[in-house]
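Below you'll find the structure, written out as structure tokens, and then a few comments.
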Amino acid sequence: MLLTINLKDSFLTFFSNLGFSNEFSKALWIPLPILLLIILAVVGVLVVVWLERKISAAVQQRIGPEYAGPLGVLQPLADGLKLAFKEDIIPSKGDVLLFTLGPAIVVIPIFLSYLIVPFGENLIVSNINLGIFFWITVSSVAPLGLLMSGYGSNNKYSFLGGLRATAQSLSYEIPLALCVLSICLLSDSLSTIDIVQKQSTYGILGWNIWRQPIGFIAFIIAALAECERLPFDLPEAEEELVAGYQTEYTGMKFGLFYIGSYVNLLVSALFASVLYLGGWSLPIPIEFLLNKMSLNASDSEVQVISAFLGIGMTLLKTYLFLFLSILTRWTMPRVRIDQLLDLGWKFLLPISLGNLLLTASLKIALL
């Protein structure tokens, strides 16, 4: 194992050297990972929004965001500040409790998914053995918030949008889970750390995308549908439902839906990187590179550099997936609701189930 840096011990040692007591350092450490996680997730969303607007503008031969900061990089932040100062309007005949809780129930489970995303062997907030099941479980809670928002708005368009979101999630959650289970069978583990380590031995040739090409394609389609991205944005189709479940929302509650959508897209891209593209592993095994350069893997400088390389590789693969999803948005038309459900139940479900059975059969045959 190359990366043996213990972030918690390093943090406690650093503050002890500054003269702080051990108890104070531990108390300071407890909320720090969650706080950093939220900050990184929000910054990641701002970057994704800016990239989408610039790439979309390039596809349509426009300039895109230009005035707020260099190349318009501060435009998403300006939009967020604008929404923060907007008036919060609640429908007079709506269900106030459901209307208020809906956006929070959508966003919180998606943020929890970041707890098990690894950026390195020890660069993970919570390395639990059932990490993949945890992600599938918490991601299935978000559609309940959409349904609550649609019902609590007391608006027919909002309610229809909430129903569509629930039906869409049910249709694509099962194929997504089956694709992930195929990867878990190959890796003999449900831990995200173990899944990446299984792929890192032979470099790019060991990545799961070569062993699970059908599962990778099915995973991408199901992930885009779960994120309600075009061509699967039926719950908020403007031409049919005004804005779907978001119709009655204003201010930061309205902004929470957009944050949830982009955070979910970023999480899906991170898991695509971890499950199929080797996560933090380089295309060439790091041990081979160290031997060629005559470097010692136990040196702290080498470990720090390898940690930063791992983070960079994870983000590079993640943003490659995001780039493909943005291009898909502008190259494919929106499907009808019957086509959406047919694709999920009649095509993706049998394909992902067959892929799982084939993977299990090969594992049994190789025992």
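One is the number of the first residue shown, and numbering goes on along the chain from there.
Yeah, the Cβs are placed from backbone N, Cα and C, and that goes for glycine too.
As annotated by Swiss-Prot, transmembrane segment applies to 29-49 (among others), with the evidence given as sequence analysis.
Look at Swiss-Prot and you will find 96-116 (among others) tagged as transmembrane segment.
If you look up Swiss-Prot, you'll see 128-148 (among others) marked as transmembrane segment, on the strength of sequence analysis.
With a threshold of 8 Å between CB atoms, the same-chain residues lying at least 6 positions outside the transmembrane segment (176-196) that come near it are 116-118, 121, 124, 127-133, 136, 208, 211-212, 215-216, 218-219, 222-223, 226, 274-276, 278-281, 349, 352-353, 355-356, 359-360, 363. Among the features that Swiss-Prot reports, transmembrane segment is placed at 176-196 (among others).
Proximity of distant same-chain residues to the transmembrane segment (204-224), defined by a Cβ-Cβ separation under 8 Å and at least 6 residues beyond the stretch ends, is recorded for 172-173, 175-176, 179-180, 182-183, 186-187, 195, 198, 232, 268, 271-272, 275-278, 281, 283-284, 321, 324-325, 328, 343-344, 348, 351-352, 355, 359. Summarising the annotation, Swiss-Prot assigns transmembrane segment to 204-224 (among others).
Residues or ranges marked as transmembrane segment by Swiss-Prot on the basis of sequence analysis: 266-286 (among others).
Residues annotated as transmembrane segment in Swiss-Prot: 304-324 (among others).
Taken from Swiss-Prot, the feature transmembrane segment applies to 347-367 (among others).
The list of residues near the transmembrane segment (347-367) in space but at least 6 beyond its ends in sequence, with Cβ under 8 angstroms from a Cβ of it, reads 172, 174-176, 178-179, 181-182, 185-186, 212, 214-215, 218, 221-222. Remote same-chain partners of the transmembrane segment (29-49), defined as residues 6 or more beyond its termini with a Cβ less than 8 Å from a stretch Cβ, comprise 8, 11-12, 76-77, 79-80, 111, 114-115, 125, 258-259, 262-263, 265-266, 322.
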